[in-house]
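Accompanying notes for the structure given below.
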Amino acid sequence: MEPRDGRARARRAPRLLVLALLLGAHPGAQAEERLSGSSLVEVMKGEPVALNCTALGAHDHFVLEWFLADRSGVRHRLASAEVQGSELQGGVHDSRGRSPPYQLDSRGRLVLTEAQVGDEQNYVCVVRAGAASTEATTQLRLFAKPEATEVLPNKRILSVVDDFAQEIATCNSRNGNPVPEITWYRNGEPLRMPMEVNADGYMTSRTVREASGLQSLISTLYLRPRKADQDASFHCSVNYQLPTGRRGRLDSPTFRLSLHYPTENVDFWVGSPSTTEGWVREGDSVQLFCRGDGNPSVEYIFFRLQDKQEDVLKTNLEGNLTLEGVQRGQSGTYGCRVEDYDAAEDAVLSKTAELRVAYLDPLELSTEEELSLYLGNSTTVNCSVRGLPTPALRWTKDFVPLGNGPTLSLSSITFDSAGTYVCEASMPTVPLLSRTQSFKLLVQGPPQLSPEEPQPQTGDSWKEGEEVRLVCSARGYPEPKLSWSQLGGSPAEPALRGHGWVSSSLTLKVTSALSREGVSCEASNTHGKKQHVFHFGSVTPQTAQAGVAVMAVAVSVGLLLLVVAAFYCMRRKGRSGCCQQGEKGAPPPGEPQLSHSGSERPEQTGLLMGGASGGARHGSGGFGDEC
């Protein structure tokens, strides 16, 4: 029999053992989490995880074992190790076909290098120290993110007339763990559909365990479609779990339904180029549009009502009819009818509209293209028009408005009345439909003269020889001819101010004679002539300049006489005896005596005589005896 104190020590031995589990899992590393007793370890598929089992306490020697507990409760020994101090000896005994196999590291941890679906089981760690032993169980839970969500819409046309729920689409979430959840959405709003079959709508779900151990979820949506679902957007969303309570979401692509619903309303209208008032221009191509709100598109029948009878124009599925180059005779009532045998009995399947063709005939004037009137006369011109809707008439002259209405009254016409008059017809309700007709008014009469009086360039009077440009303008019909009393006038040309004026210019120099006589400009045509005389008033002679010229000539002559006189005196001083003889005595006998009468002066006679007799008498050149 075991001593009492021995049994007491045996009972106290388990109390000296404390078991702790260091558990962890994260990508690329072996993370640890210390838990006492039973614990839960969460890991993503494919990531490493290490299960740690360590005896805490003052024990230098103990045995550590790892077991795999299957769902039936049977334990399978995986690995064991004997711990002596800080040394551990042992290894893995059975990996049970796992690849890669289990590993036992130097700290006695059970290592799973790549977490797999089959690893999601309970692992038992047993520690024995002497006769005492204790154990702890660890549950390993594996998570796998499912593949992209796939949705398969029903491609058939769904009828809204049926009174039962129809298959809308199937949503697939493959290879996830644990099984995810699927939610259906319409226009972004979740559909809370029951799992029980009913006429308005429900959904079914089916879970499939794949060969890999992962799980797939298939959900099918059933709805009783409505007409409003034609434009609705549907999709499904998969919600899956992650470690530490986190969740993920994968949405499918959106899709729309192909619905069949009968026609309830029909729209019919006249398209481009119709105006806001519903008029179309004669000659335009007009489009008629017909649209029913049923689906799929049904057959459209276009017709024209004539004497309350339908004259069918065209039948098609597009709902469009083009009338090429419409004429005024095509105005009337047009309609469209939809052939939909699924429509309700009270549905209105036909609509009509009025086609109004606007036209405008050429304008007619009560005068020819050219109207010739004598100055001061009066006349009235009428403008006639035919069109629908009723056109508006207005008159303009040179783009200046004159008034509205068909009648144009011209009284006491002047040359300013001449020009082009335009009658314009337009339709405010049909902006691009308008016509014009014009005539030209010619005003007959004698010339009207308009001279441009010139002004002196400086001062108040003209100066002799100053240049002046004379301009003479005239108008009348026929166009007047312009002539000048002096030569050099330019040909008549249209004046810058227009309105039938022509002008001619003459450039000349002012003289006293022109000032007295004047320069005349004359305009003439078959009805008469008109003349204007240009005068220049008093003309100032250019005397100052003539005096200067005379003075210059006088100075030049005086200087020449001074030079001759100086030369003459110098010659006389050299012959002083002769001069004295000539002054005091009579001439020698036989010498002719010169006469000082007439226009000859003594000095001129002496010069002539000296030159003639000196050579004969004294045989010397130059001057001889001269007085």
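For all residues, glycine too, the Cβ spot is worked out from N, Cα and C.
Automatic, uncurated: that is what TrEMBL annotation is.
For 14-141 (among others), the entry in TrEMBL reads domain 'Ig-like'.
The domain 'Ig-like' annotation in TrEMBL covers 146-256 (among others).
The domain 'Ig-like' annotation in TrEMBL covers 273-356 (among others). Per DSSP, the domain 'Ig-like' (273-356) is made up of 3 helix, 46 strand, 35 coil.
What TrEMBL lists as domain 'Ig-like' is 362-440 (among others).
Feature annotation from TrEMBL assigns domain 'Ig-like' to 447-540 (among others). DSSP assignment over the domain 'Ig-like' (447-540) gives 6 helix, 49 strand, 39 coil.
Residues or ranges marked as region 'Disordered' by TrEMBL: 578-627.
Summarising the annotation, TrEMBL assigns signal peptide to 1-31.
Per TrEMBL, the feature transmembrane segment maps to 546-568.
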Which numbers of helix, strand and coil residues does DSSP report for the domain 'Ig-like' (146-256)?
8 helix, 59 strand, 44 coil
Compute the average pLDDT of the predicted model within the domain 'Ig-like' (362-440).
94
Count up the helix, strand and coil residues in the domain 'Ig-like' (362-440) according to DSSP, in that order.
3 helix, 45 strand, 31 coil
